[in-house]
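J.: There's a structure below that I have some questions on.
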Amino acid sequence: MKCAVCGTGRVILKRMKNQEPVCKECFLRCFEDEVYEAIVQSNLFKKKEIVAIGASGGKDSTCLIHVLHTINQRYQMELDLRLVAVDEGIAGYRNHSLNCVEENAKIYGLPLTIISFKELFGYTMDEINAVVGEKKSKCTHCGVFRRKALDIGCEKIGAEIIALGHNADDIAETVLMNLFRGDVGRLERTCEIRSGSDITPDLLTKLQEEMKSHPAMVEYVDQRQYPFGLTPKVKPFKYAYQREIVLYVHYLQLKYFSVECTYAPVSFRGYARQFLLKSQAIDSSIIMNIVHSGERMKLMPQFANRAGDKSIMKLCTRCGFVSSQHLCQSCLLLDQLIRDDPAHPQNIDCIARSAHVLSNPLPDIEDTGG
C-alpha cells in the first residue's frame, strides 16, 4: 500500500480523522501543517508576540514545544517562544520530568522559567497530600494552584498568552467530566481553542479599574492587558488526537518523561478516560464527535443565568487574582489547608508570597538561551 499523500512512501499508519494511509514523512508534515492551520484560522498568535509554552516534560508539552518551534521557523511567524514550568513538589515524578524540560530548553535554545508551589504557596503537593489524606483526590488543589502559578510565570517573562498541550482526547474527557458532574457553567467554555471569549470589554475595564486600588495589583495596571487569572490560554492541539501525538513524538524520538503522576490513579478524570477508551473500541471517531458536540453546545437562557454571570467577577481581596467571590479558589484552598494542618505554625500571607514571587528572581529560574 502506498501513501495517499505522496503516492510513493511506505505506509506506516492510517490517520485517525479519516483513516487515510500515510508514510512517516507525510504524517509528520501533515500533523505540523494541521496545527499551523488551526493557529491561523483561530488567530491564536500575533507576530513578535511573547508566547509562554506550558512545559511539563510530558509527551504533549514536549510535542507542542517541537511543533511550535518548527512552524515558527518554517512559516516565519516571528513568535518569541519561552517555556514556563511548574514544580508542584511531587518526589520521584516532577523532579524527573523537569529534567526533560531543562534538556528540551537547551535543545531548542528557549529560555525556561520554573515556578514552585513551595515558593508560591508554602506547600508542595506531597505536603498537601499529607494534610488532605491519601484517599482524597489532590487534582483540585494541583489544578487550581497550577493555573495560578502559570499566570505568575507569564508575568515573570512578559507574556500575556500561554500555549498548552491539551489535545482532542483531553477536551473530550473534560466535556464528559462536566456532564458527569452537572457543571453546566463550564460546558460552553470547555471546547474553546482560546479562553476568554466570554470576557467583554466592559468587564475588562471594570477589573482594570479595581486593580488601581488593589494593594497587590496597583503596580501592574499599566503593564498588563489582562488581570491576573484571565491570561488567555490557547490549545493549538485542539484537533490533534493523543494517539497521533504519541506517534509523532516516537518517530522523531523527542525527549519526554512518560511516567504517570503519582496522584493520577485517584483522579476523577481517570473515569472519563476509561469510558472513552472503551467507547473508542466501538467507534474510533467518538473523540472528535464529542469535541464537535461540545463546540455546538449552548445553554438555554434560564440555565445560562444559573451557570454563572461573568459580570459578578471581581478581584480576590487577598491576592488580586480574578474571582467570583471575595477570595479566589486558590486562597480558599490554601486557608483550608492551613486550618487542617496541625503542623503549620502560622497563617500564610498570600499577598506577600505572590508579590515576592512576582518581584524577585526565583532561585530555580534558568535562562538556557534565547
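Placement of Cβ uses the backbone N, Cα and C atoms for every residue, glycine included.
These numbers come from a predicted model, not from an experiment.
Copying in the features that TrEMBL gives for the protein in this structure:
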DOMAIN    51-185  domain 'tRNA(Ile)-lysidine/2-thiocytidine synthase N-terminal'
DOMAIN    315-342  domain 'Cytoplasmic tRNA 2-thiolation protein 1 C-terminal'
J.: Quick test of the contact rule: Cβ under 8 Å, at least six residues beyond the ends. What residues does that give for the domain 'Cytoplasmic tRNA 2-thiolation protein 1 C-terminal' (315-342)?
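T.: Contacts with the domain 'Cytoplasmic tRNA 2-thiolation protein 1 C-terminal' (315-342): 121-123, 128, 131-132, 140-141, 144-145, 148, 151, 207, 210-211, 214-217, 227-230, 308, 348, 350-351, 354.
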J.: For the domain 'Cytoplasmic tRNA 2-thiolation protein 1 C-terminal' (315-342), would you mind checking the mean pLDDT of the predicted model?
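T.: Averaged over the domain 'Cytoplasmic tRNA 2-thiolation protein 1 C-terminal' (315-342), per-residue pLDDT gives 89.
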